[in-house]
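**Student:** TrEMBL feature annotations, pasted as is:
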type     : residues : note
DOMAIN   : 6-35     : domain 'Flagellar basal body rod protein N-terminal'
REGION   : 38-61    : region 'Disordered'
COMPBIAS : 46-56    : compositional bias 'Low complexity'
DOMAIN   : 97-325   : domain 'Flagellar hook-associated protein FlgK helical'
DOMAIN   : 588-624  : domain 'Flagellar basal-body/hook protein C-terminal'
Amino acid sequence: MSDMIHIARSGIIAARTALAVTSENVANVGTEGYRRRDVASVSNAGGQTTPTTQPTGGQGVSVSEVRRAFDQLVAQRLWTATSAQSASAAHRQVADSLETRFTPGENGLDGTMRDFFDSLSRLAASPADRTTRASALHGAQTLATEIVATAQGAAQLRADTVAQAQMTTAEAQGILQDLHVLNERLAHLGQSETIGHHPLADQRDALLQRAAQLLPASVELGADGRATLRLGSEAGPVLLDGTGPTRLHVSAEDQLTLHMTAPDGSRRDTRMLTGGRLGGLAMGLGALDMAAQEFDKLARDMVAGLNQLHRQGTDVLGQPGGDLFTMDGWQAKPAAANAGKVQVQVDMARPQPLNGPLELVYDAGGPGWTARDAGGTVLATGHDRLVLPGVTVDLAGAPRNGDRIVLEQVTGRAIDLRLAIGDADELAAAADVLVAPALGNAGAASLQLSRDAGEPSPDALDVVIADATVGLVELRNPSDDSLVATGTLAGDGRVTLAGLNLQLQGVGQTGDRFTLRPTAAGSGNGATAQAMADLRSARGDGGYGVLDSLSNFQADLGTRAAAVQRADDTAQARLDSAAAEDAALGAVNLDAEAARMVELQQAYQASAQAMSIARSLFDTLLRMI
């Protein structure tokens, strides 16, 4: 009878333990990182034959362990998929924002650019009309403002991306510290995994999942459950080991760089950020920088073409035109050791009288910021604004004593584009040289003239087709018909004579003559304005026009954004698959747990009934004695 009581008692204890574990599963169904617990039971060995007893088949049941539903390979697949999807999502966010900045539309940059070229066409038709001139000047100013605003928007997006990377790094640092604390607690529990390890392991896995969202990390779990993390792969730099967490911070002067300082003080930098939100932000930052470089080039090409033509034109007073736009500016470079955070804005006057670099040093107990030139001469002092010759520097933020900022001169950035003239009369709408076919020409050819940058305006000259069959042309002085230069037309009708780039279009005949005559003050021709307006479409050298270049740039951004979106969709699908695999292993299913509780309740009741019967039989036996 004692055997029956003992067996029934073991069944009650096992069922009660399993019910407690199942109840814990149900209670933690929404707890982050919690993994389902299972009870492992074993049959107790039976007793051996003695002079007074018979052998038995067993002595009941006992709980061998409470297992945590965890598989490191499955978990590693989930962490890897999480890291990849987090990276693609961060990259997608930046790519979508970038595409939005340059979205085509009449109210955007392309509409402003079309309006500007339309104003040049109107100027070409009425170069002497002051209202038309004022409209063209306003169109140029509006275009410059729109280009700068677009570039500033992209620059702000870059600054926001860097700030997000810094916040991500700070969050990752906190997770590494929390994991280090958990590692120490796990170490105190010893090598063998017991039920006491499980809550700590849940917390550890939740932290590892969060770490995977932020960083590309490889995880190794020790026998005692402690986690070792490395950046990227098993051969990557250590982020966390038994000595403690690595200190992290990022910089982004060019590419996003992660700076790591180990507990022993050794340092290591890397740009190989392939996963996690930080990796996605690094890819997004690369896309931003590429787009900024392409936009700068687009603006440079436009300005170079317009300036070259404008310099070859003449204004209302018959004076040669200068640059229509300028792209000179200043770039602020804070010292790496600065303790404060300061925003710098530099406004320039025309012309630019100051040469760089300039050094700004902050003295908290003195005049605030002091600006010095390359020779150390003090140029200005102030707390929020420095007024220098031709340059005004505004500083906002929270500087610290000793902070240093270097201002360097730069050129060719869209963000620095400005109108170089301030009066509509300065618009060089007329060609400085008028090209016209002679009245007696037998052919139907026309002649176009251009000059390289820096080439002076020519005096009166004639261009003569000396031999149409071989393309021989001559440059002659009209006063005495003396020969100035000679050359042979290329297949596209181009030739350069005495620094003049000539292109013959159409069919010319031997003896045809074209006159080149300087433009007088107040000329009513708008040839230069028309040539500038023509830059909107394909150029004569086969290159894209300004509007086509902008359209191609916008299309490229859209194509890249679409590729990033597809990659993110793929990464999300892989994460969903890995998460489903992990959930099938370790997630709590309330329906399954409810069924399990009913089963365990029946087992508990059956064991209790067996104990009751055993006691009743034992009492009956006692009464028979």
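From the backbone N, Cα and C atoms, a Cβ is placed for every residue, glycine too.
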**Student:** Quick one: average pLDDT across the domain 'Flagellar basal-body/hook protein C-terminal' (588-624), no decimals.
**Tutor:** 80
**Student:** Which numbers of helix, strand and coil residues does DSSP report for the domain 'Flagellar basal-body/hook protein C-terminal' (588-624)?
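**Tutor:** Helix (H, G, I), strand (E, B), coil: 35 helix, 0 strand, 2 coil.
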**Student:** For the domain 'Flagellar basal body rod protein N-terminal' (6-35), what does DSSP give as the number of helix, strand and coil residues?
**Tutor:** 22 helix, 0 strand, 8 coil
